[in-house]
Amino acid sequence: MATSVQTGKAKQLTLLGFFAITASMVMAVYEYPTFATSGFSLVFFLLLGGILWFIPVGLCAAEMATVDGWEEGGVFAWVSNTLGPRWGFAAISFGYLQIAIGFIPMLYFVLGALSYILKWPALNEDPITKTIAALIILWALALTQFGGTKYTARIAKVGFFAGILLPAFILIALAAIYLHSGAPVAIEMDSKTFFPDFSKVGTLVVFVAFILSYMGVEASATHVNEMSNPGRDYPLAMLLLMVAAICLSSVGGLSIAMVIPGNEINLSAGVMQTFTVLMSHVAPEIEWTVRVISALLLLGVLAEIASWIVGPSRGMYVTAQKNLLPAAFAKMNKNGVPVTLVISQLVITSIALIILTNTGGGNNMSFLIALALTVVIYLCAYFMLFIGYIVLVLKHPDLKRTFNIPGGKGVKLVVAIVGLLTSIMAFIVSFLPPDNIQGDSTDMYVELLVVSFLVVLALPFILYAVHDRKSKANTGVTLEPINSQNAPKGHFFLHPRARSPHYIVMNDKKH
């Protein structure tokens, strides 16, 4: 059976050090068009999600991650130790499954960029063409990862700087020039438009996109154990991360919202739409650079998808180690890649992609369903995280931990309940059709989302019920936790949701 090796960690991580290894989560260029559909109220949604959801998740996860004996294993360990192994298995499974669905909006973005580069609209509009192209890209990227992930983090680093950060700053700079020139702005930015129209329930659905942009912070909570002064520095780091996320996402989303009217934004290709308008206004003589920028964005998101393929499966591998999965899922190839877990995840992605793209028309509705489905699946894990934390506070107050949410038991419960209630609210509004989906499409939106969710929801519980956990997988694999001292180069440029929590050690070779 696989074993886990504990490694000592020097308490050397400072406030800025922790911020640096977590900051990659605040850049999500492919979500900017979705943000933009809410106009100036996107700032309100970002503040709401940051204060009522991001901060509670970060604080609760940090306290659980520093409980003696719970330092490794993440949400699986926390939920298993508070609610039981069945729920721990479900929680980590939902993290694994949400990545499978989360690939779909990213692939749609890639196809949107490709359609601009190749001047091939069908690639972004025709469902069959879109499906075939997305499947080819997905499995081609998977093949590059089966050979091992030695260079994955470095590729992700290059992709982050050249394909995410650089285009984002170009977008913001062009938008600033556009605004300064006195060009027409597609939205109003004042105190009235700051708040969404609460009388229109459909306008609230976009909140799920803002929740998604904050998801994954719990994956970095294990590094709290490495901080020299977690009680002081960790809450400040969370505040800095929230401010950075709000500032960058606000400016990025508004750069699109003020150029493209909300009802004309293409969620897959909205960034390229905006670059086209901005460049034609600011520097029409070099409008050809839009295709170059599109190529950078394409490479950035391709690098991101590639880097997300193996990491979550390695995280899920801990359940095979605990005999919660059939022995086949514990199999590794010679390069330390859990191929059965990776292939299973990609099969789920492929099936969902085919269904959503062809029944949803391959347009904004397909994108929105994939986005909402990703969120509701992941929220199921967060329900268990918050409930598990409440159990920890009420039933295990004497367990030693390095970090405590300040303020005592009452404050701890308030933080957890606020996070849980916000999660429930986000979960409910996810199933409401957005305003830009009208007529018969609203029924299709709800039906597709509900059925897809119920199928995915059932998977972990069915597998847990039918699997004989007495069988043992003899893999000869050792798991070595990754920390800030031994992490591979470029590891922290991966989004926290996509990072592998441990090395795979086989035959004395670390993967």
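Counting begins at 1 with the first residue displayed.
A Cβ is built for glycine as well, from the same backbone N, Cα and C atoms used for every other residue.
Among the features that Swiss-Prot reports, topological domain 'Cytoplasmic' is placed at 1-14 (among others), with the record citing sequence analysis.
Among the features that Swiss-Prot reports, topological domain 'Periplasmic' is placed at 36-41 (among others). Model confidence over the topological domain 'Periplasmic' (36-41) stands at 92, taken as the mean pLDDT rounded to a whole number.
Annotated topological domain 'Cytoplasmic' per Swiss-Prot: 63-93 (among others), in sequence order, evidence recorded as sequence analysis. When Cβ-Cβ distances below 8 Å are used as the criterion, the topological domain 'Cytoplasmic' (63-93) is approached by residues 4, 6, 218-219, 221-222, 224-225, 230, 315-316, 318-319, 322, 324, 380-381, 384-385, 387-389, 391-392, 395-396, 399-405, 412, 459-461, 463-464, 481, 501-502 of the same chain, each at least six residues removed from its ends.
The feature topological domain 'Periplasmic' is assigned by Swiss-Prot to 115-127 (among others). Same-chain residues lying 6+ beyond the ends of the topological domain 'Periplasmic' (115-127) with a Cβ under 8 Å from its Cβ atoms: 108, 133, 266, 268-269, 272, 276, 290-291, 294-295, 298, 357-358, 361-363.
Note on the topological domain 'Periplasmic' (179-200): residues 38-41, 43-45, 254, 257-262, 281-282, 435 of its chain, located 6 or more positions outside it, place their CB under 8 angstroms from a CB of the stretch. Positions annotated as topological domain 'Periplasmic' by Swiss-Prot, on the basis of sequence analysis: 179-200 (among others).
Among the features that Swiss-Prot reports, topological domain 'Cytoplasmic' is placed at 222-239 (among others). For the topological domain 'Cytoplasmic' (222-239), DSSP puts the residue distribution at 15 helix, 1 strand, 2 coil.
Annotated topological domain 'Periplasmic' per Swiss-Prot: 261-291 (among others), in sequence order, evidence recorded as sequence analysis. Packing against the topological domain 'Periplasmic' (261-291) from elsewhere in the chain are residues 29-30, 32-34, 36-39, 105, 108-109, 111-113, 115-117, 124, 167, 170-171, 174-175, 177-178, 181, 183, 186-187, 255, 297, 364, 367-368, 436: each is 6 or more residues past its ends and has a CB under 8 Å from a CB in it.
According to Swiss-Prot, the feature topological domain 'Cytoplasmic' maps to 313-335 (among others), an assignment based on sequence analysis.
Taking Cβ pairs closer than 8 Å, the topological domain 'Periplasmic' (357-366) reaches residues 104, 108, 125-128, 130-131, 134, 266-268, 436-437, 441, 444-445, 448 in its own chain, all 6 or more past its ends. The topological domain 'Periplasmic' annotation in Swiss-Prot covers 357-366 (among others) and is backed by sequence analysis.
Per DSSP, the secondary structure of the topological domain 'Cytoplasmic' (388-412) breaks down as 13 helix, 1 strand, 11 coil. Annotated topological domain 'Cytoplasmic' per Swiss-Prot: 388-412 (among others), in sequence order.
Among the features that Swiss-Prot reports, topological domain 'Periplasmic' is placed at 434-445 (among others), with the record citing sequence analysis.
The annotation topological domain 'Cytoplasmic' is assigned in Swiss-Prot to 467-511 (among others).
What Swiss-Prot lists as transmembrane segment is 15-35 (among others). Same-chain residues lying 6+ beyond the ends of the transmembrane segment (15-35) with a Cβ under 8 Å from its Cβ atoms: 42, 45-46, 105-106, 109, 160, 164-165, 167-168, 171, 206, 209-210, 212-214, 216-217, 220, 223-224, 227, 232-234, 236-237, 240-241, 244-245, 248-249, 252-253, 255-257, 265-271, 273, 297, 300-301, 367-368, 371, 484, 492-497.
Through the fold, the transmembrane segment (42-62) approaches residues 35-36, 75, 78, 194-196, 206-207, 210-211, 213-214, 217-218, 221, 224, 230, 234-235, 238-239, 241-242, 245-246, 249-250, 253-254, 257, 382, 385-386, 389, 403, 405, 415-416, 418-419, 422-423, 426 of its own chain, all at least 6 residues removed from its boundaries and within a Cβ separation under 8 Å. Taken from Swiss-Prot, the feature transmembrane segment applies to 42-62 (among others).
Swiss-Prot lists 94-114 (among others) with the feature transmembrane segment, giving sequence analysis as the kind of evidence. Within the chain, the transmembrane segment (94-114) has long-range Cβ neighbours (under 8 A, six or more residues past its boundaries) at 30, 75, 120, 123-124, 130, 133-134, 137-138, 266-272, 294-295, 297-298, 301-302, 304-305, 308, 312-313, 315-316, 341, 345-346, 348-349, 352-353, 356, 366-367, 370-371, 373-375, 377-378, 380-381, 456, 459-460, 497-498.
Per Swiss-Prot, the feature transmembrane segment maps to 128-148 (among others); the stated evidence is sequence analysis.
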Stretch of maximal Cβ-Cβ contact with the transmembrane segment (158-178) [cut-off: under 8 Å; candidates 201-221, 240-260, 292-312, 336-356, 367-387]:
292-312
Cβ contacts the transmembrane segment (128-148)/the transmembrane segment (336-356), at least three under 8 Å, sequence gap 6 or more:
yes
Counting only residues 6+ away from its ends, which parts of the chain sit with a Cβ under 8 Å from the topological domain 'Cytoplasmic' (222-239)?
9-15, 18-19, 21-22, 54-55, 58-59, 62, 65-66, 71-72, 74, 402-404, 406, 481, 483-485, 501
Cβ pairs under 8 Å between the transmembrane segment (413-433) and the transmembrane segment (201-221), at least three:
yes
Quickly jot the same-chain residues contacting the transmembrane segment (240-260) by Cβ under 8 Å, restricted to those at least six beyond its ends, or write none.
15, 19, 22-23, 25-29, 31-33, 35-40, 42-43, 46-47, 50-51, 54-55, 58, 168, 171-172, 174-175, 178-179, 185-187, 189, 210, 213-214, 217, 270-271, 273-274, 277-278
Which sequence-distant residues neighbour the topological domain 'Periplasmic' (434-445)? Criterion: at least 6 residues beyond either end, Cβ under 8 Å.
37, 200, 202-203, 205-206, 262-263, 359-360, 364-365, 368-369
